[in-house]
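Asker: Not my notes, these are from TrEMBL:
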ACT_SITE  72  active site, proton acceptor
DOMAIN    3-102  domain 'Gamma-glutamylcyclotransferase AIG2-like'
């Protein structure tokens, strides 16, 4: 099974702690979605016809998926795990995505943790320039501190 990561789960060290059996497969993109900041201050993806979210595809064991579900805190008003088509170098691949469909938008991110936990791994993975630019915009305008 596969998971698409677009936030802190792009980090190799963080994923090694959260899902020790996970193996990175490379870059992927979720079309027709955009990154949002939730009222709780987390990143989430929501449907947006003309947008794309870039991230990392991981191969997971069933135990890793259960551990990630617990870490992400699935439930009403929180993330929902959905199986969605992710575009990869090898074509479309069904991946689990932690989706923010039921989450309210509106908080501002704390700049330092965001830059360290999300922008740093995105740069390490060499996400496409437009994706990095979007994350930098969030770091400038969407963050406090």
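Heads up, the Cβ atoms here are built off N, Cα and C, so glycines get one too.
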Asker: Could you give me three numbers for the domain 'Gamma-glutamylcyclotransferase AIG2-like' (3-102), the DSSP helix, strand and coil residue counts?
Answerer: 21 helix, 54 strand, 25 coil
Asker: When you measure from the Cβ of the residue listed as 'active site, proton acceptor', how many other Cβ atoms are you left with inside 10 Å?
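Answerer: I get 17 for this one.
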Asker: Across the domain 'Gamma-glutamylcyclotransferase AIG2-like' (3-102), what does the mean pLDDT come to, as a whole number?
Answerer: 92
